[in-house]
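Below: one structure, written as structure tokens.
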Amino acid sequence: MEGALIARDKVGIQDFVLLDPHTSESAFMDNLRKRYQEDLIYTYIGTLLVSVNPYKELDIYTEKQMKLYRGVNFFELPPHVYAIADNAYRVMCAECNNQFILISGESGAGKTEASKKILQYFAVTCPTTEQLQIVRDRLLLSNPVLEAFGNAKTLRNDNSSRFGKYMDIQFDFKGCAVGGHILSYLIEKSRVVHQNCGERNFHVFYQLLEGGDEELLKSLGLERNPRKYMYLIQGKCAKVSSVNDRNDWRIVCKAFTIIDFTEKDLENLYGIIASVLHLGNIRFEEDSNGHSIIRNGTQIKWISKLLGVHLSLLQEALTNRKIEARSEEVLTPLNTDLAGCARDAMAKAIYGRTFTWLVNKINTSLANKVGSHSRTYLGITDVFTKNLFCINYCNEKLQQLLIEMTLKAEQEEYEQEGIEWEPVPYFNNKIICELVEQKHKGIISILDEECLRPGEATDLSFLEKLEEKVGDHAHFLTRKLADQKTRKSIDWVDFRLLHYAGEVTYCAVGFLEKNNDLLYRNLKEVLCNSKNNIIRECFLSVELDNRRRPETVATQFKNSLTSLIEILMSKEPSYVRCVKPNEDKEPGKFNELLIRHQVKYLGLMEHLRVRRAGFAYRRKYEMFLQRYKSLCPETWPQWHGPAAEGVERLIKYIGYRPEDYKLGRTKIFIRFPRTLFATEDAFESKKYLLGTVPIYYFSIKLEACWRGVMARRAAKRRTWAVQTLRKYVKGFITRKDSVGSENVDFIRLAQYTYLMKLRNHVPKNVLDQSWLKPPSIMEETSEMLRKICLRSLVRKYCQGLPAERKAQLQQKVVTSAIFKGKKDGYPQSINQTFVETRLSEYTINSKVLQLIQSEMVKYVTQVVKYDRNGFKPRERQLVFTTVAAYVVEMAKIKQRIEYATLKGISLSNLNDRILVIHIPQDNKDKKGDVILQCEHIFETVTKLCMLSNRQSAIRIVQGSLQFSIGPGKEGTMVFTVGQEPQVFRAKNGQLTVVRTCVGTRALLCLVLTPPWGCIK
């Protein structure tokens, strides 16, 4: 921190305690402005951090920054929220004391962002395990959920927290975060039913409509347009440019899964959100008696369905009030205004209690489940208040706490260091706190009394009661009690309180209405019987047995604030005061009037005055001596005695006056900032002299040393180069010998070089046969790598084939195995694609299909069959099923050949289209072999082989072929080369069929042994 004092004229002072004069508000504002204009948004007042919202992203929240501040002395680095977090964490671990960080400021000052940064810092810097990481994820992701349900756009802030939050992080003895607990207080329920112009309802309503899928919205009876819902249009700004509702909804849904929300929980929760929107759209009309009725039942039916309540009971509860008179209950009809109030009260109660349930659900998820005992707690509180009166009451309490704990810390440090404590006069605002909160006499008690008393109470009667009971208080004033000069500035319905930060005037109109928090009993009864699990948990049946009136809003806030103060009093404090620089959320704009007002009501000047009442600067002897030892000849360059004695000699040599400082047991205390400034300026001058006076001598000495270093390095490099060259020359000479110490490095280099070259010359596909030639010592390895590479390419090629192409290739492989090198015409068939079938199943006669309906048809083609009686050619269909092959003529099955009985298949080696299917002689039909002529001979035979799984039964013959005509009857088929296709009878009585084909011509002769054939 001391090093930054040199630039104090440009960027200000990092710690306001060093401000001179410290009582000047103008000097305070000037220092704040200098730092803000240089994007230095953080400044200390002792250990209190003042944070000014920059309204832009700054590069000071990176993981590198977090690690920079980890474990570093508080004042060693520039002010930062990470320094506050790290200091609280280190003190907690070292002293086993519970800590808390209090973040306060008005809406839009950056309180929520500050608490997020602190949580992120702990998540990154604390020790962790896999189990603890789950706890951290839940801690961080609880924020988006709470922001969705508890934050809203206001005139001052697009993401304003509308509830108070106190979070405890639980740490084990190793400093690991093992759990957490969130305490929420007083959510702004009135926002559910009413928003001022320019403001929005809670984020979750818009997120659900914008980000929920169509199916979800349909199941909830919702439309995507938020302008369709009365509870969302009063502020007239359903869309906000700085808020991405769709993206935020995705984050919230992700958080739900991490925080262990079940599907049933989410179904019930979404139903509650939707039911609130439907409640706002209920319209009440008057009947002939002036009583309210609901004519359009669409909305109330959806509410009944989503909340699981009885429709008629809900409608009755919204339009009637149940009054208990002694032992009987009477239903009193409501007019439209009162029915509207009942509806709004129900919406507020449902949402408020659901928010409490949500916090409890998150707390269950954050509970310590890792088995480690929680030793210490570190709390973070983000103070929110919902109206001006509550804001100032809260600030009074926190100011009282801050001053008392600051004075206590100062006094304890003085006592530890053995320095006499001088009492510090300060304004004790306890008198103002008592004016607000005192039992039976305070403003809150009077307000509650007016709300609860029988008869008609009004805001004016409340004001009269205030004048009666606290009218003589020095810090309370109304128009009636004011003097003639002051009276002009106070209206008849106003009252004025003199706070520690100045006078504030409050309008009493609306105080009673806002203070009441009532829900009619019959509405409670309906909700207690809900089938929605969340609603049933929020509205317990035991409430119906309690006849006491519920607490008012002011009492709830007072009790919440009291419990918070009790928690904070039990822990060691750290403070962050957030300041809003302008109302326009504009970067770089410094509104002095607005900031001066915040500085006053945040009590920053008062806090500075208390800090400066003693000493402005204090440092441990070791650190002070280490920095400034060059200013005294006795301590420079090294002091070997006790640090306290060295500091004493140092300050005497510099010339400190006795009233300027005090020496404690471990620290030096400097009273005035000017004394420290003078010391720092002297240190800067001394640094310059130490660097310039002996520069010539040092430069020569440095140059000589450096030349020696460079020469030794060069000699070492030359030696290494000679040894390396010698080693590799010997390796080259002995490279063909067995591997040994002389050639191992050269061989490894050769292997490495070859592999590096091979990496860039690997074949890219299966057709690429190139391969880098290896050295002799790598031939075996190279061959192995080539095979592996080829297999990899083949595997990659096969995996990339579509199913149809793969089936085609499998058939081609079978065809190749049967015909390659054996039958003419095969090379010409390779490029011809095999089809699934040549004729569709619909070309087969329906009677035939009925006969073979139990079998699946796989392939159909047109063939010519030569019959056994004269061997006349007949047009037939050849049908292959999963079980058998059929020769079909129109509506008849001429022959059925089961694959299991198939004896063989014969073909010639010439380019003809004849195949003979051999069947056993003992078949029951006593028919001979089947002679077929097929246009697509290779495809048909392949299909038959694959279906029958009889590839080994294929026989390709040369010259002649024997076949069976019938039992004991055989014929011979002779293949020769002819000129023209013809059918004729030879002189010897044999049947001669000559047929030519593309490519090689073949002559087919059917030679029949008489008397079996007669050719015409």
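Placed from the backbone N, Cα and C atoms, the Cβ positions cover glycine too.
Residue ranges 124-146, 561-583, 837-859 are listed, and TrEMBL annotates 561-583 among them as region 'Actin-binding'. In sequence order, ARG156, ILE391, CYS578, LYS580, GLN598 are the residues near GLU106 (ATP binding site), counting only same-chain partners six or more apart with C-beta under 8 A. Break the region 'Actin-binding' (561-583) down by DSSP state and the numbers are 9 helix, 8 strand, 6 coil.
Within its own chain, GLY110 (ATP binding site) has SER51, ASN53, CYS578, LYS580 as residues 6 or more apart in sequence whose C-beta sits under 8 angstroms from its own. In the structure as shown, the Cβ atom of LYS111 (ATP binding site) sits within 10 Å of 26 other Cβ atoms. Within 10 Å of its Cβ, the residue among the binding-site residues SER107, THR112 with the fewest other Cβ atoms is SER107. If you take every residue in the region 'Actin-binding' (561-583) and average the pLDDT, you get 86.
The ATP site, placed at the center of the C-beta atoms of GLY105, GLU106, SER107, GLY108, ALA109, GLY110, LYS111, THR112, has further neighbours from the same chain whose C-beta lies within 8 angstroms: ASN53, ASN157, SER160, CYS578, LYS580.
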